[in-house]
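Asker: This is the structure, below, for whatever I ask next.
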Amino acid sequence: MKQGIRMLATAAVLTAGLASAAFAAEKKYTIGYDNYFMGNSWSVQLAAEFKAEAERHKDQVDVVYVESAGDTQKQIANIEDLITKKVDAIITTPTSPTALIPALKKARAAGIKVILLASTIKSQDYDALVTVDDVAFGRAGAEWLVKQLNGKGDIIVLNGIAGLSTSDDRFKGAKEVFDKYPDIKIVAAVNASWDYAQGKQAVSNLLAANPKIDGVWSQGGAMTLGAIDAFEAAQRPLVPMTGEDNNGYLKRWKALEGKGFDSIGTSKPTWLGSEALLVTIKLLNGETVEKDMILPVPTITAADLDKFVKPDLSDSFWAGTRLTDDQVKAIFAN
Amino acid sequence: MSANAYLVRMKPAPASLRAVVLLVLLLAAFFVSARVFSPLLLLDNIRQAAPLGVVVLGQALVLMMGRLDLSVGATASMANIVLCATFNGDMANLVPALALTLGAGALVGLANGIMATKLKIPAFLATLATSMIVAGLVVFFTGGSPRGAVPAQFRAVTEAWLFGIVPWSALIWLVLLIGLMLLVHYTMLGRKMILSGANLVAARHSGIPSDGLIVLSFVLCSLLAATGGILLSAITGMASIGVGNGFTLDSIAAAVIGGALFSGGVFLPLGAMAGALILFVVQSLLYLLALPPAAKFIVQGGIIVLALALASFRKGRSS
């Protein structure tokens, strides 16, 4: 008799378990995540943030990962592949503002939600865009710099790569600010590819040619590091410079704080990767989301530098993260 | 060989001199736009051009053998990753870090050489393939997020100046340049290499082990590319993926500006040095003039055309 009851109970539990599993499977979404590039630490962390968020929602979503390796042709093929797999939504970071449009159109025609992460296209063929505004990114640094210089001084500008929207938009935002102050003079605006060595080469030559430079507006932390080293090599006192939220830069800033160096770290946060998944789930649940989610640019100032700098982590870590300390350590332990 | 013959061989080739003249003209424009004449500024540019300059020496050596190495950029980038990872910011790791980095470089060269000789794969395809494999391995092993750093003391290699006037990196560049010049132009081994590069069939008929010499040139080239990567790492101090990739095209352009011929048989170390400096100073000049980067490619292309046109103009007149 006892045995019989136990069997019945077991059966009941089993049935309940099966039923709930079936119920969950019904509600579970399949999301295609296109890992656009794995060639730099920012893109690696962007993908890691997404993965961590997907792990937190693993009862709600299954993820199909594809790798595009920075190759637009491959990205198109990957999206076609995800369409064939009949995923519910595709999250992608377009490597071209135009080339992906036909594939994304096709995806939407098949009833798949398209979410753009950190980069956009020149059409309306998407359901949501999750990014920060690069114009605002440039503006934030420029406003800080103008304030440091009391609206007056000779500055140099370090841009990324002319023609890329990130670089052009950031400079556009900065220029809007500088144009309002007639006493701010841009003595040179150069393109140094967001690269340390090129930034250093540019600044060391500009220092030789310009006895007076009062500030540096840079749209990348590596270039700012190059600028700092060029100033130090030329034995010129450091001037206010704008930077970014990468750990290598924050560490250096921290070390120079005592010498009167001041900076600002503007951020295109990698947690956009996590945000993209949250937006996708909302979309699939039928909730309305803002189509263009242009988030405000987070900044780090001297006041909260200590909160963001991680002396025990590698230089390639980015401070704008939602990863836990353990997850960060697993990727960026030095 | 008489002392006189040595002196004759010391005389720079016309192609080298043309590159030097081009460099002097460019420097004049550079100092005018900087509005300051300072030898220190020139030395500072030489200091920063050293990584490219060392890579160009290797490329010139492979070009002398009538081959092309498209993997120097990937090899220099790999050297940066391996060096930073093994150094891990601690000067105590100096010997293993250098040994492992140069060893990995030599392996790439060995693979290139064997593919180009034993497997008879055209060198530019073989080296293109290795560059892809090397770049892929780097991303695979780092997961896209490279680790480690170059210790501050080691960065003196490119950042410090001997007696405050001569940058160490310029000295390293010069020593490697003279070493290669002596090897190629003043040893029997080097002369056999030139002959193999100029006329492979004739060299084989004379019993010269040309295949081995070609492998040797690829190994030396990759070692120099890794050295360039090490110098670049001293400049940047950090590990970043693909940091030396620009060296591939720049090294070919610089070697050609410096008088190297795709047909092989020519090794002009002075020209190679001038070619590397021309490319670097052009970049500095563009920064000073704040010209867009597109201008860099146009100017670089223009200089290559000018250098080659000058060469064929001279040839046309003398023949």
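If you go along the chain as it appears here, the first residue is 1 and each next one adds 1.
Just so it is clear, glycine is given a Cβ too, placed from its N, Cα and C backbone atoms.
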Asker: Using TrEMBL as the reference, determine which range in B:16-36, B:121-141 is annotated transmembrane segment.
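Answerer: That would be B:121-141, the stretch labelled transmembrane segment in TrEMBL.
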Asker: Taking B:45-63, B:94-114, B:121-141, B:161-184, B:297-313 as candidates, which has the most Cβ pairs under 8 Å with the transmembrane segment (B:241-263)?
Answerer: B:45-63
Asker: For the transmembrane segment (B:161-184), I need the partner stretch with the highest count of C-beta pairs below 8 angstroms, choosing only from B:45-63, B:94-114, B:213-235.
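Answerer: Most Cβ pairs under 8 Å with the transmembrane segment (B:161-184) come from B:45-63.
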Asker: Can you tell me which recorded stretch out of B:45-63, B:121-141, B:213-235, B:297-313 has the most Cβ pairs within less than 8 Å of the transmembrane segment (B:94-114)?
Answerer: B:213-235
Asker: So if I exclude everything within five residues of the ends of the transmembrane segment (B:213-235), which remaining residues of that chain have a CB under 8 angstroms from its CBs? That is, six or more out.
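Answerer: Residues 48, 50-55, 57-59, 61-62, 64-65, 67, 69, 71-73, 75-80, 83-84, 98, 101-102, 104-110, 112-114, 116-117, 123, 150, 154-159, 169, 172, 176, 180, 189, 192-193, 196, 243-244, 247.
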